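Trainee: Before I ask anything, let me first share the structure, which is written out below as structure tokens.
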Amino acid sequence: MGQEKLYIEKELSWLAFNERVLQEAADKSNPLIERMRFLGIYSNNLDEFYKVRFAELKRRIIISEEQGSNSHSRHLLGKIQSRVLKADQGFDGLYNELLLEMARNQIFLINERQLSVNQQSWLRHYFKHYLRQHITPILINRETDLVQFLKDDYTYLAVEIIRGDTINYALLEIPSDKVPRFVNLPPETPRRRKPMILLDNILRYCLDDIFKGFFDYDALNAYSMKMTRDAEYDLVHEMESSLMELMSSSLKQRLTAEPVRFVYQRDMPAALVDVLREKLTISRYDSIVPGGRYHNFKDFINFPNVGKANLVNKPLPRLRHLWFDKEKFRNGFDAIRERDVLLYYPYHTFEHVLELLRQASFDPSVLAIKINIYRVAKDSRIIDSMIHAAHNGKKVTVVVELQARFDEEANIHWAKRLTEAGVHVIFSAPGLKIHAKLFLISRKEGDDVVRYAHIGTGNFNEKTARLYTDYSLLTADARITNEVRRVFNFIENPYRPVTFDYLMVSPQNSRRLLYEMIDREIANAQQGLPSGITLKLNNLVDKGLVDRLYAASGSGVQVNLLVRGMCSLIPQLEGISDNIRAISIVDRYLEHDRVYIFENGGDKQVWLSSADWMTRNIDYRIEVATPILDPRLKQRVLDIIDILFSDTVKARFIDKELSNRYVPRGNRRKVQAQLAIYDYIKSLEQPD
């Protein structure tokens, strides 16, 4: 079998994942407004795909053609464009279908031609008092440099200003970062009707208000467009430049980076399309996509709650871990010292972690706090706690990852604010991102210093903890806390040798340990001992690890995979991966936690990790995986994994065809894993 038959291209696998998101928008069992929001998630994902994956592919094509090689990447580009076009056609059809369904529920998203006289008057007042201040036309002439002016992934209206036989052009930015994209209009008869209008259409209606008095014209026509830029940046090293200065400079590069996709309204006149392509220096490698009247559907993620309660998901109130609420504990440290605590978001509340850090910030017994941040919430209480801790005389060290994609600017801001407050801020070495999810609290207890550690699979982010599934392990077990301390020492001194007996730490020992554990399963299978591998990942694309899993399958090891996103491995290939089953689940929460389970001859090993099985995570980032040493907590993770693999509602097969076929229910009972996990955790969190 040829090499190309053993692996799915990661870009195509990623698009298949986004098509699963689109399936959720099409799923009539989902509430109507949630289906609209899935359209927004699909659109947001696709924007990121073009910024990152497509831009990387474009660079590969340019390099290979400069070297005179026959580029496989060019063939892949064609496959991508074909797949995106087909999915986008499905998107357009779904959007129209959902508009009709909303109308049946008395929710009307109307355009500027459907306004009543009363609504027209109301809109002009709204424009004058709330919107006009944010509108400044960009006139397109010979001197205009649109590459410098246009913002990445913003929607613009390209306006024809027609006077006789002369046509001039201007651009209007849709200011959806300053004004809501969805605007509720005053109701008409009957009163139960709920009309809304998009910001785009308000500008279309008010074109005269924008241009009158400044231009002579016979007609104004507006067409929507959007440009996506390459999200990569170059870190040009200079002896006198700090990493923060380099990142700030590189972010400015991103703002004017190469366009990689140009989407425009399908009926935009060809002459205007040509002007925009020329001004944006759109090359033949870029994706030029004619589309509908509206772009930036990512704003539909925040589609407002309107209409009846059954149009959105029934809420699942986040659960408290009742161990923290026992009267015998004076604080969170007492609870964790007595036994390890495992939290699983968003089923559990993130409040426990926030409260522990708040307590640490003023507890007289706390000596020091170390934490690493990758993506934090906009109004982060964790940052506030670190600042308060510094003000209270604690020794506070915050490791800020300045190279967290799309969060670089926010992290530069946090780094400056923390430094000003007296916090010791350190950064990763360039090229070695810190993706681990750790904190370490050192506390004086009697004559001893006791350490409390957090090892997680997700970010310290209050917002994503409500949307992403992730684990937090809180422990005072010295076997783990001593090694978390070593990780922080390694971060501060990345070129000093360091060893770990319990933790799996990239780039130190992850690949070696994973290979050893897979090889042990192979040996056990060959000896007739219990064997098996179960993995829950966001992405599985490292060829070395994929090949090791193929070898395990060939030796009779049963491999079960739950991969949300990219998966290069092809299950069920005869003679290669007969013993590998792979599924993916897309539902109301984003499956984000990483879990590795090895049968280990009957004594299961369960690991929680920040690392996906991608080359960058294994070899070029600082990642941490921890074994679950407490048998109770180990069983809890195993139970949750069993529920996920029993899903008969939201699980799809991962296969060679990228078909996204749903796992058939057959005669099994209906199990929607995320709802079943909520019930499972709720059953555990009952008062004594």
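Including glycine, each Cβ sits where the backbone N, Cα and C put it.
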Trainee: Y468, Y471, Y678, Y680: which one does Swiss-Prot list with N45, R564, H592 for the ATP site?
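Mentor: That ATP site, as Swiss-Prot gives it, pairs N45, R564, H592 with Y468.
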Trainee: Would you mind listing the long-range same-chain contacts of the domain 'PLD phosphodiesterase' (430-464), meaning Cβ under 8 Å and 6+ residues beyond its ends?
Mentor: 235, 237, 243, 246, 333, 336-337, 345, 350, 353-354, 356-357, 360, 363, 365-378, 380-382, 399, 401, 403-404, 470-476, 478, 480-482, 484-485, 487-488, 491, 494, 503, 505, 507, 592-595, 608-611, 616-617, 620-624, 626
Trainee: Can you tell which of R375, R564 has the least company, meaning the fewest other C-beta atoms within 10 angstroms of its C-beta, among these binding-site residues?
Mentor: R375
Trainee: Sort H435 (active site, phosphohistidine intermediate) into helix, strand or coil using the DSSP assignment.
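Mentor: The three-state answer is coil.
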Trainee: Looking only at C-alpha atoms, tell me how far H435 (active site, phosphohistidine intermediate) is from N45 (ATP binding site), rounded to the nearest Å.
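Mentor: Computed Cα spacing between H435 (active site, phosphohistidine intermediate) and N45 (ATP binding site) is 21 Å.
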Trainee: Tally every other Cβ atom lying within 10 Å of the Cβ atom of N45 (ATP binding site).
Mentor: 17
Trainee: Please find which two of N45, Y468, R564, H592 have the most distant C-alpha atoms, given that the record lists them as binding ATP, and give only that distance in angstrom, rounded to a whole number.
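Mentor: So the binding residues stretch over 15 Å, Cα to Cα.
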Trainee: Once the chains shown are all counted, how many other Cβ atoms turn up within 10 Å of the Cβ of H435 (active site, phosphohistidine intermediate)?
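Mentor: That number is 21.
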Trainee: When you average the Cβ positions of N45, Y468, R564, H592 for the ATP site, which other residues in that chain have a Cβ within 8 Å of that mean position?
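Mentor: Near the ATP site, beyond N45, Y468, R564, H592, sit N538, G565, L590, E591.
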Trainee: Restricting to the same chain and to sequence separations of six or more, state which residues have a Cβ under 8 Å from that of Y468 (ATP binding site).
Mentor: Y345, P346, G458, Y589, L590, E591, H592
